[in-house]
Structure formats: C-alpha cells, structure tokens
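Going by TrEMBL, these are the annotated features:
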| type | residues | note |
| --- | --- | --- |
| COMPBIAS | 978-993 | compositional bias 'Low complexity' |
| COMPBIAS | 1054-1064 | compositional bias 'Low complexity' |
| DOMAIN | 44-170 | domain 'Peptidase M16 N-terminal' |
| DOMAIN | 215-395 | domain 'Peptidase M16 C-terminal' |
| DOMAIN | 401-688 | domain 'Peptidase M16 middle/third' |
| DOMAIN | 814-912 | domain 'Coenzyme PQQ synthesis protein F-like C-terminal lobe' |
| REGION | 971-1007 | region 'Disordered' |
| REGION | 1054-1080 | region 'Disordered' |
Amino acid sequence: MSTWKDVPRAGDVPGYRLFMGEVEKPWLDERQYRLVELSNGLRAVLVHDATADKAAACLALATGSMMDPDDAPGLAHFCEHMISKGSEPYPAENDFLSFISANGGSRNAATGPTYTQYWFSIRPTELAGGLPRLAAFFHAPLFTESLTAREINAVDSEFKRNLQNDGRRVLQITKNLSIHGHPYRKFGTGNYVSLSEAGRREGEQASEEVILKETRKRLVAWWQREYCASRMTLAVIGKETLDELASLAVPHFAKIPNRALEPRPAFKDEPWGREHMGTVIFIQTVKDFYAFDVSFQLPDLREHYETKPASFLAHFFGHEGPGSICAYLKKKGWLTSLSSGPSGSSRSVQFFAVHGRLTLEGYLHYREVLEAVFNYISLLRASPLPVFHFAEVRTMAATRFRFKEKAQPHSYATALAHALAEPYPPEQLLSGAHLYRDWDESLVRQVLDGFVPERVRVTLQAKTHHEDIVRNDVEWVTEKWYGTQYVVQKMEQELLQKLGQPNTNQELYLPTPNPFIPEDLDVEKVDVSEPFKHPLLVKRTELSQLWHKKDDQFWVPKAHVRIDVKSPLAYATARHAMLSRVLVDLVDDALAEVTYNADLAGLCYSVPNQIEGLTVSVSGYNDKIPVLLRIVLEKIRGLQVQPDRLRVVKEEIQREYENFYMSQPSALSESYATWMFMPTIWTPAEKLPELSRISESDIERHRDELLSKVFIEALVNGNLTEDVRRYRKNKVLRWLIINLQKSLGILSLAEECLKARPLLPGEIPRQRSLVLPPGSDVVLRKRHTNPKEINSSLSYYLQFGEVSDVRLRCTLALIAHMMREPCYSILRTEEQLGYVVGSSPWSINGTRGLGIRIQSVRPPWFLESRVDAFLETFGDRVASMSPDEFTRQKEGLIVKKLERAKNLHEETSRFWAHIRSGYYDFLRHEEDASLIRELALPEVVATYDALVRPSTGAKTRKKLSVHLLSQEIRDAPPAQPPADSDIDASPNADAADVSGTAEGAVRPARGHTATLVAEEDPRGEVESAFKAALWCAPTATPVISAAFGGYEHGLARGSGHGASAHATGRGGAADCAAPTSSRL
C-alpha cells in the first residue's frame, strides 16, 4: 500500500503530502522523482535531471470539451485560448509567450474530450520565471473583454482551417450519431456561432458588444465551475534538486482554488443506443480515397491497466503477417493499409476500431471486407490463445520500458502529467502505461464477446459513392458544423447473419511465434570523459563511404543505419521520378508481411525515394539489424513485380498525387515557394501522366539501370558489439574494434546486395539552390483546387545568402529568433489575420532565408501588406532594443543551438542531416553559438535593414511570395505601379527578360519585380523560363574536421564559394538538383 508523509509548511512553502515509496524506473533513467500532493488537492511529480539543458512543465486538467455547456459548444477550447494571455501578476497578453521565446523555449496547449493541457519548455536557469506565470493562469486569469473579441475569432479561424479536414468531418458525424444528450455528441472545437449563441439570445438586435460581453460572462462562470485544483496534475522537470523544485512549484500552484469537484470525472454511459448499432454510415469525403471503420463500444477498462485486454486484442486485429486480415485483403487486391486498437481517453467513452484504406475494388466489395473482419473475430473466439502471444507482447513492452530513452522535456512532462491522472499506483507512475503484468484470458474473451454484428458500427468513406453501394434515391443528410454529406443505413438481415457465422476462411489464422524478438540485449556502460561530437569517416572508396559512431552516451542495445544510394537516373525526368516512386512503393508492399514481425520486435525500416536516389534506413535492437537489412536490400535488388500489386500501388499513388492539391492552403503555398528555388522539380501534376504508361518490365528495367552505377554513403550509429564482458583484456578497445568491424560489415552487405559499379565523380547528383538577384520582388499567384476551401495562404520568403556564410547565417538565426513571438502576437493575436501565423528561418540546398506564412480567409495581397507593415515596425523595435534585452535574446538562441540530442534517434538524425547536406559540418551548432554571442546590435540592424525591411531594402532584398487564393476570392489584386524594367534575374546583370514566353503571364513592375500568374500559364512555361534565367548557388563544400580522419584529401568538393552556375530550368542538369524529400 502506498505510503504518504505530511510535510509541514516551511517559510513561504505551504505544507504538502509526500509519497515515500520508490517509483519504478527504466534501466537507463538516472533522474530523481518526487510525487507530492498539495493542500488544494493538486498532484505533482517533480523530476530532477542533473544533465538537463532544457527545463519543462506541464499542467493537465481533468476537464475538456465533454464538459461544455449544451448551448456553448467549444467553451473549453475557447477557455484554453483565453486563459494563457494575461493574468493579474503578468497582465500583458504576450507576456508568457515573450518570456518563453526569449529564453529559448516553446509553449502550447490543447483541449481534448476530458482533459486540457498547458506546457512550456525553457532555458533551465529560467524555470523559476516560467512556473509562476503558468500557475497564474489558473488562480488569477484576466479574460479581458478586448481579448474576448479577438480570441473568439481565433477559435473561429481554427475551425475554418479544419473545415475541409476529412478526419474532423468524419469524427463529428460519428459523434452526432449518438444518444441525444450524451456529452460525446458535443462539438468540441467550437466556432463563432456556437460560442456566441448565448449572447445572441439577448435579442435579435443585440450588438456585437453585448454578444461578446455575454460570451465572456459565460466563459468566466464556466471556468469558475470547472477549473479546480483537485482536477489538476502537474509535472516539472529541471536541474534543481527535488527540494529546490518543490520550493519553486508548491507556493505558486497552491494558490489555485479547490472547488470541491470530483477529481477525475469519467463518462461510463455508452454513447450509442440500439438504433446506432448494426448500421453502416456512408460519408462523402473531400479528398479522393476509400476507407472503412469497424467500431465497437468498449466497457470501462481503466482498472485493467495491468492486463490491457483491448491493446492485446489489437495485436491480432492489426497484424500484417501471414494469416492476418491485412494480408488476406491485400492478396484480394482490396486493401492498401490497416490499423487497429482502442481509441478515446481513459475517462472518455472508448471504442475498439479496425480502420483500413481500400482500393476501388475493396470499396465495391466492402461487404466481403466486413466478412473477413468478422471471420477473424470468430477465429479468435474459437481458437485457444497460446500463452506465447501474451509472452511476446509482455516481453517487448518490458524491453521497450527497460531501454526507454529520454524524450524532449516538454513531451515527457506532458506524458507524466497525464499519467498522474490515471488510476496507477504511485509506484507505477512511469511504468503503468507501458507494462503488461498479468495474463487474464477470461477478461480478453469478455471484451471479445462484445464484438458482435448487432453491436458494430461501420463507416464507409468515399468522395463519390457508387449507385450499387448506396442507392441513388437515398436522402443525404448534411452535418451541421462541417457540412459533410452522409447517410445511415441499417445492415440487411442477410448481411448480419453472414457476419455472425463461424469462420470458414482457411486463409485466416493466428500469428506464429515471432523470430525477430531480440535475444542479445546486454549493454555495459563504459566511463567516457566526454561523448564524441561527430561520427568518423572510417572507409572511403570510389563506390562508397561509411560514417561510424559507437554509442557512448545513451547505452541502449540499439543501432541506426542510414544508407543513401545515389544515382542520377532516380530523378532525371518526370518519368524517372515516377518510376522511382513506384519502385519503392512496390518494395514496401512486397516486404509488408515479412517485416511486420520485425516491427513488433522493435525493428523498423524505410525505403523512400529521393531526388538523389534511394535511402535505406534500418533501426532498432541491434542483434537482428543485419538480418533485416539483408532482407530489405535483397528485395530491392531482386524484386519481381506482380501485375496485381502494381495495379494497387499505381491506384494509391494516383490518389495521393491528386489529393496533394487538396491539402491545407498553408502547406501547399509552402511547397510552391520551395519549388521556386529548386532548379529541377517534377510536380505531382507533371508525374501523373507517366503513371498509366508504366508496366512491370518498366519497373524492373528502371531498377536495374538505377542500381547499375551508384555512389553509396552510409552512417552506422549506435551499438553493434557483442557483450564487452567476453573480453578479458583491453575490453574497451576491443569493444570499439568489434563495433567498427560490424559497421564495416554493414557497408559490405550493402555493396554485396546491390552489386553496383561506382559512379564517376561528375555523375554523382549534387544539391543546388536558385538565387534571386538583389532587389527582387517576385509574386507567384495560384488558386486552390478545392472549390469549397475558404482559406487562402501567403508564403513570404526573404532569401539571405549561402549557408556557408557563417556570420550571415548567425545573424539570420538571431533575427528569426527575435521575430518569432512578435510575429505571432501582432499578426495573429492582435490583428487576427488567421489561425496559422508564424515566422521561421528556412534552408534550401545551401541557401538560407526568413519565412512568414499566414493562412486566412482574407486575400493574400492584403496579408502581404500587413507583413510589410509588421516588418517595418519590428525593424524599429530591433533598432531600439536595450543592451540587456539584446543579450537575453542572444542567450535564448544559444540555448537552442547547444541543446543536446536526447536519444540515439535524435543524434542520428542530426548526423544524417549534416551528411546529406554535403557540408559535414557536425560542429556547426558550437561555432554558431560562439559567433552569436559576439554579434553586435548595429550589425544585426544593418542586416535587417538591407535584407528584411521593405523601405530600406528595396535594392537589396530578395523576396518571393506565393499567393494561394481561395476560389471564393473574386476581387482583383491591387494594380501594380508602372514597370521600369523587367526582372534582373542574374546576380549582377542589369536585365534578363523572361516576360515574352507566354503573353500576359508575367506582369513586370517597378525594379526587379515580377508577378507570375498560374492561371495564365497552365503549362508552367513562364515559371520555367523565369527559373531558367536565375543562377544557382554553389554546391556544398565539405567543412574539413577531425571527423574525416585520414580521408580529408581528395574529397569531391562543390564548385566553391563565390562561383555560381546557371540553372537549366525545369528539366535542369543533374548537378543542379533539388533538395530531398521522401516519396517524391
């Protein structure tokens, strides 16, 4: 039984209760934990991390959207927006965000059905300033009237952002189709209409002011009724000792009132009545795809956290190996992907769902798909469940917990705060969510007994439903909030009877024992004075080079392998790009059954296509990595394309590419802007015509040609050694040697399987970026494909220069760091331009710049005018910044630059990014941190005035903006002033005319300006000519360091600093290639 001790008041620290037991921890976790309960009922976990380079805190509240008033849907979400913008001790609306951002941190909040969470991360020395600010939200919020008027629009903008989101649309329908009056039905996001309904009841003629005052009144009353200390849980992570953390947290959070509410309110009543089950809901989607959901209500399983019966059943339903639902439906050509498991938070209503993406044939045979699911249910009921199934699940869960690595502090604090609200004993705070302790077959079968046809609810989703699936005389219903069309039909009695019959499908059977379960998990820590900061180049030939690092700080029995297989044929033309994409998708498809067991055993792989070739990644527990890598490489080299699988893969790619243009406007405009700086880019629209012309032999021939000559670059990071205890003498040295030998073996394995000749140095694809000339003011204007998308988007890019210009790179980073909070606070919070508003630095193939993006219902040219105005006022703010504030901003950025990798995956990702960039600048963060500390304010102001501020940078800025217009915008953009000259596209020349390719598509304006209108240039000829007139930045030049060992001489280098190469346009040369992106 848990033991608690009363700790009396000590000075300014109120008394609290202290848990006296030991918390079960992962093997690698050296942090110290303290569980406390404050006098107001708030429970907290304090975490001392002596090595932390970021502190963090999260407060979770057992109140969410299911507690919204019936006449004010979205009020919990609205409260989350309002509460963090001003408190009595810290009244400024932007105080919290400004404080966090300036000190190298971040913050966010989220509202769920039964919870709300607020978190921040920050420089460790500033935790003492962050905690009282967080606590003040809950004991002294302001909820000002002026903010009410603006934040209700922010909630409305967030709602409008998701209007065309199929996931949100489907979820709201499933919620609406519940028992009338059940809290699950509620519209959790809210919008202006739902939140102001109470205010509008004051009368039809009620003014906006009256409506908003009433809305604020309802908000404050709801906050006083639902926000209660006993419903709150808190996690704090810092470098301070546990006593010091208690002194920092307890005084502030003890001020939160306890309103004597139920600490963990739960919703146990089932949301579906008899009329909602045994039904099929046909839903019309925005994007073009076919999908199904088979869902069952679950009983309250919170007390069964040691057995986790629903999660155990998901092991069977979501399996993809031989005998599974997934494998069977894929063989039929009906399925592309499948997932399964319980959903919903523990105190909310819970469901068990099987979700799948279907092919067109699968959609047309959806009844047979349902039969397969219920046949498997019948199989599970009728079959014994050998203990090895639970043993495997339990073993892997225990292994994952034992070797659980650190995460980002804010993510960990959030997980801990939520775990405190679960019914775990204090001892199991860290382990309760992860470990399977007891095998209870009767409980598993009890849950399974609820999976019957009479209690199922099926959704079938499609953009357009066929008449033989849904009769053309049905009356479609329009959902109230999102406007989604749907119809509900009861299952025919014949179908219900079929679904209830015993299984007779011999192709369905339970999984066999998993051969990939790791066996060698021994890791012995070795004293290391300081971990290596970079990998080492340990082998370099004309065919390949290998980067290697032995894990010397995380001490997990894991490794990460990254292998780039570079070939100019991967992306030479739109057809080559399409062939590469189809090839890797077919490899994934062919490996699905074989590799699923590896995935369950903590091993994963990926084979995306890149502009430069293919990337093979394998990671996980180290003892089986060579086995999985060989399976993947041999499949790539020996793939035999099956016509039926090629048809399925092509159908899925076609939908993905067509749906790309239905994406969020802000995401699309960012893509369009990035493409403008890429000498060679084959868009989805350009690749699609090739898809129908691709045959089985085309794929195999492309594979053979692509792999005939390659350059291989590999990184092996982690632990690949045998147990060091086997070596009696010089064990550390032998350990390192064995690890290096195994890494070399990984490279040999790749060379052996691929059987390729080396590329000539000039054939190796290299990354380049286009360069805008000084004084550029370029606008690319496009329209969104979706006629129902009401949002437009602006992507505003300012190109600074080359990444290799260290001083300019650091100045840009500091400007972007200082701008982040004011950009958000002014353009989003104050001016309410939209929900998606942000600024950040960006990098494209060796060039860097500053970007601002906004998604809004307002026209992009208006948004651009507000960005220009902001850049002017922010320039004044920077110029007048005090020395103390300037130093604080620099120190906050340095914290970000010097933040260490928290786990092996993060370290590998950092190394791999430096390798793939071609710079190999592994110590860049340290160099940047040192130089940032030296920067002077006048230098930063001068750079800002030249490259950012519109009024002073007219002749020196290099600006590109993308205007993505909603089809609902019919107003014409404001007229441009008369043109003085066409755009100067070269770095130094006075003129380069690109306006004559397609008359009217390029509209020159004053100076180095151009407006490219996509609607007047359907083939992209003008855009291509515009890009062809630009120049390329030089390719990356390696930064020579100790990482190169003895291989620094004779390295293939870029064209060198100061040299530029002319682009060749849309179908440019391979040495002027674009940045990499998965699944291009």
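Even glycines carry a Cβ here, placed using N, Cα and C.
Most Cβ pairs under 8 Å with the domain 'Peptidase M16 middle/third' (401-688) belong to 215-395, among the candidate stretches 44-170, 215-395, 814-912. For the domain 'Coenzyme PQQ synthesis protein F-like C-terminal lobe' (814-912), the number of residues in each DSSP class (helix H, G, I; strand E, B; coil) is 61 helix, 19 strand, 19 coil. Taking DSSP states H, G and I as helix and E and B as strand, the domain 'Peptidase M16 N-terminal' (44-170) has 58 helix, 27 strand, 42 coil. Mean pLDDT across the domain 'Peptidase M16 N-terminal' (44-170) comes to 96 in this model.
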